[in-house]
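Annotation source Swiss-Prot lists ATP binding site at G10, A11, G12, K13, G14, T15, R127, T136, Y137, Q199, citing sequence analysis. Residues or ranges marked as region 'NMP' in Swiss-Prot (evidence: sequence analysis): 30-59. Sequence annotations record features per position, and here Swiss-Prot assigns AMP binding site to T31, R36, D57, L58, V59, G85, F86, P87, R88, Q92, R160, R171 based on sequence analysis. Look at Swiss-Prot and you will find 126-163 tagged as region 'LID', backed by sequence analysis. What Swiss-Prot lists as Zn(2+) binding site is C130, C133, C150, D153.
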Amino acid sequence: MKLVLMGLPGAGKGTQAEQIVEKYNIPHISTGDMFRAAMKNNTELGKKAKSFMDNGDLVPDEVTNGIVRERLAEDDAKNGFLLDGFPRTVEQAEELENILSDLGTELDAVINIEVDKDVLMKRLTGRWICRTCGKTYHEIYNPPKVPGKCDLDGGELYQREDDKKETVENRLNVNMKQTKPLLDFYSEKGKLHSINGEQDINDVFVDVEKILASF
């Protein structure tokens, strides 16, 4: 079973990825993990990726695609995998098709976890952290007993810059703009399966299982 998992930040992709790889016994392959492994193993592509990252530059497609090609050729990916964070562009999606074709296989499905932007905003901007002990709260899902104070030590709660409304909204807008052409690409190929990510976590996974039952 060869899958790509998609979803905007806050959609619950990580939770579903954990359940998918456990149930179907396939490796969870994320771009971050691939880069780290390639750099740790000091491969040629890993060295190239490191040089770009050390300079604060984006890793070009030819390097990213090469690292993906190496990873998907490994033994543990022969019977399936869950790709997370790749592809990000239509060009990368086309290259993924070429990589899989060279390996004598193809993608089975692309699962997209859909959540309304307003819901994502609530999920992502509600996080507050205790300055003293680092305990995390969420103003909707896990609020402190006293607003602005930590339950454990009474420490002041603060919000990281990444979790502030303007930052989150900008990140979501950028992601939505990037993702749309990719969703259209896979929809035209008949590979795209969208799931309502606003349900309970277990209900989302039930929907995932229904899709994967046909493969």
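Cβ coordinates are placed from backbone N, Cα and C, and glycine is handled just like the others.
Quick caveat, the model's predicted, so the values are computed rather than measured.
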Protein Cβ atoms within 10 Å of R88 (AMP binding site), excluding its own: 16
Secondary structure of G12 (ATP binding site) (DSSP, helix/strand/coil): coil
R88 (AMP binding site): secondary structure state under DSSP, collapsed to three categories: coil
Helix-strand-coil residue split for the region 'NMP' (30-59), DSSP-based: 21 helix, 1 strand, 8 coil
Integer average pLDDT (0 to 100) for the region 'NMP' (30-59): 89
R160 (AMP binding site) versus binding-site residues R127, C133, Y137 - nearest by Cα: R127
Rounded Cα-Cα span from G10 (ATP binding site) to D57 (AMP binding site), Å: 25
Minimum Cα separation from F86 (AMP binding site), reported as the residue among binding-site residues R127, C133, Y137 that achieves it: R127
Candidate binding-site residues V59, R88, C133, C150, pick with smallest Cα gap to G12 (ATP binding site): R88
Cα separation, D153 (Zn(2+) binding site) to G14 (ATP binding site) (Å, whole number): 30
